[in-house]
C-alpha cells in the first residue's frame, strides 16, 4: 500500500471540508424557490386550461351529438309510425330538421326553446322568448327564428359564416319540405337586439309580412359577445313523397 504524505492528507481533508460549503452555495435562495414554484403553478394551470378547452370544444360535441342523434331517431321513428301529425307542433323530441348545405353539417334537429338546457343537446331551438317564433306548419305569416351553439355542444351553427345570399335553407317536417332562400346577413349585432327576430324583420330590409326564417348564433367564434344573423324567405313548399325524396337543393 502506498504511503500517504502529510501534504496529500491535507489536500484530501481540505477538499472534503469544501464540499458542504459548495453544497450550501448551490442551495437556491427564497427568490429562486419562489420563481420555481410559480413556474410549476403556471405549468399546472396551463394543463388544466388545456383540459378544459378540450372538454368544451371536443367532448361536449361528442356528448351533444349522441343526444341529438338519439332524439332525431325518436322523431323519425314517430313519423314512420304515424305519430307527430300536422297538429303536433311542440313534440317533446323535436318538430323537424333544418338543412343548410352551406354549413355542411347535415341535418339539425329543431326543438322548442333556446335555453342552454335545450341547445346543449346539439340541436337548434326556435324562440319562445323574448319574441315568439312563428312555425312554418301553422301556415301563418311570421318569422321562424332559430338559435344554436357556434362552438361546443354540437356547434350546429359553427359554419354560419359560410352562408351566402341566395343559398337555400330547408326545413323538413313529417309531411312537408319548406324551402327558403337567404336574402340578408348581419355579421354582427348586439346580443340584446331582439328586433332581428321580429315577425317582419325590418333590419333585413323587409317591410311587409311574409314567411321568413332567421338563424342566430354567437360571434366572434368561441365567444358570446355579439350575434350573427342570417335571414331567409320562403320560396315554396313541397309535399313529402313516400320515398322522402329531398328537394333539388339538397341533392
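Every residue, even glycine, has its Cβ placed from backbone N, Cα and C.
Note: TrEMBL annotation is automatic and uncurated.
Owing to the predicted nature of the structure, the values given are computational and were not obtained by experimental measurement.
Per TrEMBL, active site, proton donor/acceptor is recorded for 149. For residue 149 (active site, proton donor/acceptor), the same-chain residues that are 6 or more apart in sequence and have a Cβ closer than 8 Å to its Cβ are 119, 120, 155, 156, 157, 217, 218. Secondary structure at residue 149 (active site, proton donor/acceptor), taken from DSSP and collapsed to helix, strand or coil, is coil.
Secondary structure at residue 218 (active site, acyl-thioester intermediate), taken from DSSP and collapsed to helix, strand or coil, is strand. Here TrEMBL flags 218 as active site, acyl-thioester intermediate.
Summarising the annotation, TrEMBL assigns compositional bias 'Basic and acidic residues' to 1-13.
Marked as region 'Disordered' by TrEMBL: 1-25.
Per TrEMBL, transmembrane segment is recorded for 31-58.
The Cβ of residue 218 (active site, acyl-thioester intermediate) has 20 other Cβ atoms within 10 Å, all protein chains considered.
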